[in-house]
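Taken from Swiss-Prot as is:
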- CYS50: active site, nucleophile (ACT_SITE)
- THR49, CYS50, ASN51, ARG52, SER109, GLU114, GLY115, GLN116, GLN120: substrate binding site (BINDING)
- GLY189, ALA190, GLY191, GLU192, THR193, GLY194: NADP(+) binding site (BINDING)
- HIS99: site 'Important for activity' (SITE)
Amino acid sequence: MNIISVGVNHKTAPIEIRERISLSEVQNKEFITGLVSSGLAHEAMVLSTCNRTELYVVPAMHEVTGEFLKEYLISYRDARKEVRPEHFFSRFYCSTARHLFEVASAIDSLVLGEGQILGQVKNAYRIAAEAQCAGIMITRLCHTAFSVAKKVKTKTRIMEGAVSVSYAAVELAQKIFSNLSLKKVLLVGAGETGELAAKHMFAKNARNIVITNRTISKAEALAEELGTNQVLPYESYKEHLHEFDIIITAVSTKDYALTEADMQPAMARRKLKPVIILDLGLPRNVDPNISKLQNMFLKDIDDLKHIIDKNLEKRRRELPKVHAIIEEELIAFGQWINTLKVRPTIVDLQSKFIEIKEKELERYRYKVSEEELQRMEHLTDRILKKILHHPIKMLKAPIDTTDSIPSRVNLVRNVFDLEEPNQSHF
């Protein structure tokens with residue numbers, strides 16, 4: 001029995017290669033179904049995201065190796081011109097389990113501790129299960145990975161602290177104003193960065209969000225998605241600056257979108273009530289002289305990146321705790337695999353002794369009363385349980401290496417004269 005993982009990710013291949021080898025959900029299901037239905041694999045699962053495409057396979061044939069699976073995926077994607085086996089990693093046995101545990105717990109991600117990957121692993125398992133390609137091995141592997149991720153999230157701080165510019169901006173605003181639900185927010189720019197910032201604001205209970213954008217339809221679409229339905233024409237939003245406690249800018253512009261001259265009258269009308277401006281533009285959208293105004297807090301990308309760097313360092317300090325959780329679960333998973341390997345021998349051993357018991361009792365069936373026969377049966381059951389206890393315990397005992405499992409199995413089968421088991425996936 002073996003479980004293999006091969007794949008490309010942000011560590012092994014550039015984005016062009018990752019894009020070329022990635023699979024849609026339809027392709028994912030078709031690919032794993034083909035592996036299993038063709039008799040190449042007992043089980044198969046594919047995890048395909050923007051940063052990785054990874055296969056998890058329980059081979060049904062000795063020929064199905066890591067190299068075979070690399071070539072099989074390259075051929076399926078018709079990507080031989082662009083993709084080479086050197087772009088892939090390979091993992092085997094418990095190394096495969098360790099890798100998936102690290103992926104699910106977000107320590108193998110491009111951004112350490114990012115929260116999306118667990119949902120993506122769960123989706124990969126769902127696809128495999130629906131395609132009837134997830135058997136006992138992949139099911140146990142994935143559910144253990146889910147358990148690892150849950151423990152990592154609850155017992156460590158690996159996912160705490162903002163590590164994206166848009167989220168760092170919102171986190172900073174929350175630190176300054178505490179309750180964002182009481183604040184009015186202006187978003188200048190409805191592009192990708194602005195959209196992320198608005199969604200993070202909404203997630204932190206900000207509900208009074210007004211959006212302005214050069215293309216008004218884009219602002220309206222985002223406002224509708226958030227459910228705020230509040231927009232301002234880009235040409236006139238500066239007339240309303242005094243209304244806002246938080247201003248987020250994320251536009252592409254050669255000149256400053258906000259200047260000191262814009263904010264001076266706004267602050268006067270606010271009677272110097274505090275305002276935070278979060279400049280997410282590159283180049284900067286906001287005149288740095290604005291920060292000289294009283295009760296004005298201006299933070300740009302460099303300020304936010306400093307926050308991100310500090311948060312990433314805090315996350316890195318949590319890595320030893322994460323690895324300890326993974327090691328603990330890996331030991332348990334390895335012991336479970338070992339139990340699977342010895343299970344046929346345990347079943348054969350028990351069956352042989354039960355057969356002997358039944359034959360011997362049959363000899364006395366008509367020589368003793370039914371009540372005496374039942375007592376004899378209970379007695380022999382207790383004797384068998386005690387006789388088999390030690391060999392079964394020895395087979396199940398934890399081991400340091402998988403090499404000793406065959407020797408244990410062979411010893412028991414030889415001592416008790418058990419026939420060779422039928423070949424199976426375990």
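Every residue gets a Cβ built from N, Cα and C, even glycine.
Annotated features taken from Swiss-Prot, shown on the structure.
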residue	record	Cβ neighbours (10 Å)
CYS50	active site, nucleophile	13
ASN51	substrate binding site	21
HIS99	site 'Important for activity'	20
SER109	substrate binding site	19
GLY115	substrate binding site	12
GLY189	NADP(+) binding site	27
ALA190	NADP(+) binding site	26
GLY191	NADP(+) binding site	17
THR193	NADP(+) binding site	21
GLY194	NADP(+) binding site	25
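Cβ-based neighbour count (10 Å, all protein chains) for GLN120 (substrate binding site) stands at 17.
HIS99 (site 'Important for activity') and THR193 (NADP(+) binding site) are 32 Å apart (CA-CA, integer value). Comparing Cβ neighbour counts within 10 Å across the binding-site residues THR49, GLU192, the minimum falls on GLU192. Across the structure, GLU192 (NADP(+) binding site) and THR49 (substrate binding site) place their CA atoms 19 angstrom apart. Counting only the Cα atoms, the space from ALA190 (NADP(+) binding site) to CYS50 (active site, nucleophile) is about 23 angstrom. Excluding THR49, CYS50, ASN51, ARG52, SER109, GLU114, GLY115, GLN116, GLN120, which define the substrate site, the same chain contributes LEU110, ILE117 within 8 Å (Cβ to the Cβ centroid), listed in sequence order. Comparing the Cα of GLY191 (NADP(+) binding site) with the Cα of every entry in CYS50, ASN51, HIS99, SER109, GLN120, these being the recorded positions, the smallest distance points to CYS50.
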